[in-house]
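Chemist: One structure is given below, represented as C-alpha cells, and several questions about it will come after.
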Amino acid sequence: MASTSSLALSQALLVRAISHHGSDQRVSLVPSSLSSRCASSRRRNAASMTKLRSLPLPRPLLVRAAAVETLETSTNSSIVDKSVNSIRFLAIDAVEKAKSGHPGLPMGCAPMAHILYDEVMRYNPKNPYWFNRDRFVLSAGHGCMLLYALLHLAGYDSVLEEDLKSFRQWGSKTPGHPENFETPGIEVTTGPLGQGIANAVGLALAEKHLAARFNKPDAEVVDHYTYVILGDGCQMEGISNEAASLAGHWGLGKLIAFYDDNHISIDGDTEIAFTENVDQRFEALGWHVIWVKNGNTGYDEIRAAIKEAKTVTDKPTLIKVTTTIGYGSPNKANSYSVHGAALGEKEVEATRNNLGWPYEPFQVPDDVKSHWSRHTPEGKALESDWNANFAAYEKKYPEEAAELKSIITGELPAGWEKALPTYTPESPGDATRNLSQQCLNAIAKVVPGFLGGSADLASSNMTLLKAFGDFQKATPEERNLRFGVREHGMGAICNGIALHSPGLIPYCATFFVFTDYMRGAMRISALSEAGVIYVMTHDSIGLGEDGPTHQPIEHIASFRAMPNTLMFRPADGNETAGAYKIAVTKRKTPSILALSRQKLPQLPGTSIEGVEKGGYTISDNSSGNKPDVILIGTGSELEIAAQAGEVLRKEGKTVRVVSFVCWELFDEQTDEYKESVLPSDVSARVSIEAASTFGWGKIVGGKGKSIGINSFGASAPAPLLYKEFGITVEAVVDAAKSLF
C-alpha cells in the first residue's frame, strides 16, 4: 500500500490539475508529510490557483469527471494494489539495470494499464495474433516498460523474466521503444510521438470496416476494441490532431484513448508550452470526453470511465486520466527528472520503502502470478469460442467467410495478378497516374482487403475506386478513404490498417513532394514492416507550371536511401502494372510509386516481368554482352534514353537501353543477372532522371555520366523545363559520345 507521503503527493497533484482545468472543487490535503519538493510544488499550485481565479471564468466545461459508480470488481483491492506495484517495480528495476529508460510513465500509468490488461481486454497470450483480440497501442512509446511488464504478467512467451533483465540490450526482445517486429504482443512500433494514436485510428478503422462488411444479424465475427495510451507529447504533435479529427469524423466508437495527463515533459512542467484545453479540443473533434481526476489510486473511477466509454458507440472516447509521473518516488515524482532516466540506487530503495514493496528486483509476488495466470486459459477459451463461431459463420456465409479468411491470413486469391492490365506499344499513351488508376481499380475487384484514398487529391492522384463508395460514419463498409489535407495522419493511419490484418492492403496518395509532410509515418512503415502502398503523383518538373514548391528533386534519392522501402518510378503502363504486382505481394515492405502527370508513350520492351528484376534491358543491338554504351533511365526519362539510343545506333554504335525502375529489387538479384544487365567491363554508362543525381554514381561508375537536376525547379510549361534543365535526347547523346 502507498505511504501517507505518496498519497499526499497524489492529492497535491490533483489540486494543481483541478486548478489547471478551471474547477473550483476543493480537495483537502493530507498534512505535511510531503517532502520539501512537494511543499514547494503545493505553494506554486496555490499561487497558480489564486492567479487563475483572478482571471475571467472560462465557459463551463461540457466534459465531466468520471462518475464513481458501484461496480462489481473481479479482484479485491489488495491484489490490485500488488499487481499495480508489480508493474511499477518491474519497470523501475529494468530501467535501473539498463541504466537507461523512462520509468516515470509506467509508474504513473500502472493503474489504468492494469485495469485494461487484467480486467477489460480480450486476448490470448499464447496466440498474440488471434484475429478478434482487442488491440492496445502505447503511443507514448518511451514508457515501453509498462507494456513489457503487462505482457510478462499476462503470460506472453515473448517477454520472460530474462527479457525484462535485458531491457534495451543487444538482441533483446525488450528494445528501448515498442517494436512489433521484435516482440509478439506489440501491435505497432511507437516512439516518435503521435504516431501511435494515429496507428490506433487505423486499427479502429479496420475493425469498423470489417465489422460492417462481414457481420450479420445472426452472426458477429468482428468485434474488438482498440485502446491507446498517449501523453502530453503525443497531444502536442500535429499528427495526433490530424488523426483524432478523422476518428471523430468517422465515428470510431470502438476506439478508447487514455490521455496520461501528468503535466510533465522533458523540459519540465507543460505550463511552459502547452496550456490549451485538451478536453474542449477533443469535444470539438467529435469525441466523447471523460475526466478521471485520480488516476493514481482511483481504480473505480477508471473502471467507470471505461464502462461509460463502451456505451458511446457513435464516437471515439478520450479518457483524460490525471496521474503523477513517477508515482511513489519520494524525491522525483511529479518532476521531469523521472521522465527519461533511471531513478538511481538510493531513490529506488526510497521508492520501495515508500510503497511498502519488500520484494527483490524483478520479483513478482506469488499471489500476483497466480492471479494473472488465469489469462492463459481464459485467452485460449476466448479464441476457441471465436473459432467455433467462425466455423458456424462459414457454413452459413461461405463467400463472405472466404473473403474474411483471405484478409485474416493474408493469402491472396489465386490468379489475382491476371486482373492487372497489360499494354503494347500501340496502346494509347497516358500519364502513369492514369495508368495507376486502372491498376487500382483492377486490383480492388479481386483483392478483398484492398482499400485506400488520397489527401484531398483523389481527382488529381487518380485514386478513386469506381466500384465502391466512401468509407464514412454511416457507410463504413465502403473502401474509398477520404483523408482530407492530412498527409502525416494519413500515412500513420494506413500503417495501423496494414498492421491490423495481413490481408488488409492500404494505399494512400498525394503529390510526391508532399511526402515531406508524411516522411515520419513512411519511415515507420519501413521500420515496422507495414506494407503500405504510397501512390505519389506529379513526380518531377514534368508537372510544369506549379513550380518548384511542387516539383520533387531530392525525394527519389532520399527514399532510395531508406531501408526496407521499394522506390518505383515506372515509365509506362506495363511498368506501372508490374510495380503494383510487387507492391501488393510485399506485405512487409512499403512501396512508393512515383507517377507522372504528363502523358507518356507505351514503350517497346517494357514488361511486368522486367519490373520484378528492378532493372532490365528494354532494347539492345550489341552482342556478347559488350555494348559500346549503356543508357539508363527511369520513369518519363526512359523514353528519352530510348530515343537517344536510336540516334546513337544510327551512327553505328551498339547501345543497350536499361530501365532502372526499382533499385532495391535490382540489388536483390544474383550477381550473374546484374552482370547480364550492367557488365562490369562496360564503363561507358549514362543515366538520366529528372531528379537529383545523388546515388547514381554506384550505377554508372566512376567513368559514367549522370544527367539530372541538382537545383530546385521552376514554373513553366513542362517541355520548356525539360529543355532548360538539360533533360533531353541531345544531352544524353552528347554525354555518351564523351565516353567513347
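Placed from the backbone N, Cα and C atoms, the Cβ positions cover glycine too.
Annotations in TrEMBL come from automatic prediction, not curation.
What TrEMBL shows for this protein is this:
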SITE      His102  site 'Important for catalytic activity'
BINDING   His102, His339, Arg433, Ser460, His538, Asp546, His550, Arg597  substrate binding site
BINDING   His142, Gly191, Pro192, Leu193, Gly233, Asn262, His339, Phe514  thiamine diphosphate binding site
BINDING   Asp232, Asn262, Ile264  Mg(2+) binding site
SITE      His339  site 'Important for catalytic activity'
DOMAIN    430-602  domain 'Transketolase-like pyrimidine-binding'
ACT_SITE  Glu487  active site, proton donor
Chemist: Round to a whole number and give the Cα-to-Cα distance in Å for the pair Pro192 (thiamine diphosphate binding site) and Arg433 (substrate binding site).
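Modeler: Distance (Cα to Cα, whole Å): 32 Å.
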Chemist: Measure between the Cα atoms of every pair in His102, His339, Arg433, Ser460, His538, Asp546, His550, Arg597, the residues the record assigns to substrate, and report the largest value in Å, rounded to a whole number.
Modeler: 48
Chemist: Looking only at the domain 'Transketolase-like pyrimidine-binding' (430-602), report the model's average pLDDT.
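Modeler: A mean pLDDT of 98 is what the predicted model shows over the domain 'Transketolase-like pyrimidine-binding' (430-602).
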Chemist: Which one, from the recorded positions His339, Ser460, Glu487, Arg597, has the smallest tally of other C-beta atoms lying within 10 Å of its C-beta?
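Modeler: Across His339, Ser460, Glu487, Arg597, these recorded positions, the one with fewest Cβ atoms within 10 Å is Ser460.
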Chemist: Which one, from the binding-site residues His142, His550, has the smallest tally of other C-beta atoms lying within 10 Å of its C-beta?
Modeler: His550
Chemist: Name the residue among the binding-site residues Leu193, Ile264 whose Cβ has the smallest number of other Cβ atoms within 10 Å.
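Modeler: Least crowded of the binding-site residues Leu193, Ile264, by Cβ count within 10 Å, is Leu193.
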Chemist: Which recorded positions are spatial neighbours of His550 (substrate binding site) here, meaning Cα within 10 Å, out of His142, Asn262, Glu487, Phe514?
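Modeler: Final answer, ordered: Phe514.
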Chemist: Given the binding-site residues Asp232, Asp546, which one is most crowded in terms of C-beta atoms within 10 angstroms?
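Modeler: Within the set of binding-site residues, the most crowded position is Asp232.
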Chemist: Measure from the CA atom of Leu193 (thiamine diphosphate binding site) to the CA atom of Ile264 (Mg(2+) binding site) and give the result in Å, rounded to a whole number.
Modeler: 15
Chemist: Other than Asp232, Asn262, Ile264, which residues of the same chain sit close to Mg(2+)? List them in sequence order, counting a residue when its Cβ is within 8 Å of the Cβ centroid of the site.
Modeler: Gly231, Asp260, Asp261, His263, Ser265, Thr270, Ile325, His339
Chemist: What are the sequence-distant neighbours of His538 (substrate binding site), meaning same chain, six or more residues apart, C-beta distance under 8 angstroms?
Modeler: Arg433, Ser460, Phe511, Phe512, Val513, Asp546, His550, Gln551, Pro552, Leu595, Ser596, Arg597
Chemist: What's the CA to CA span in angstrom from His339 (substrate binding site) over to His102 (site 'Important for catalytic activity')?
Modeler: 5
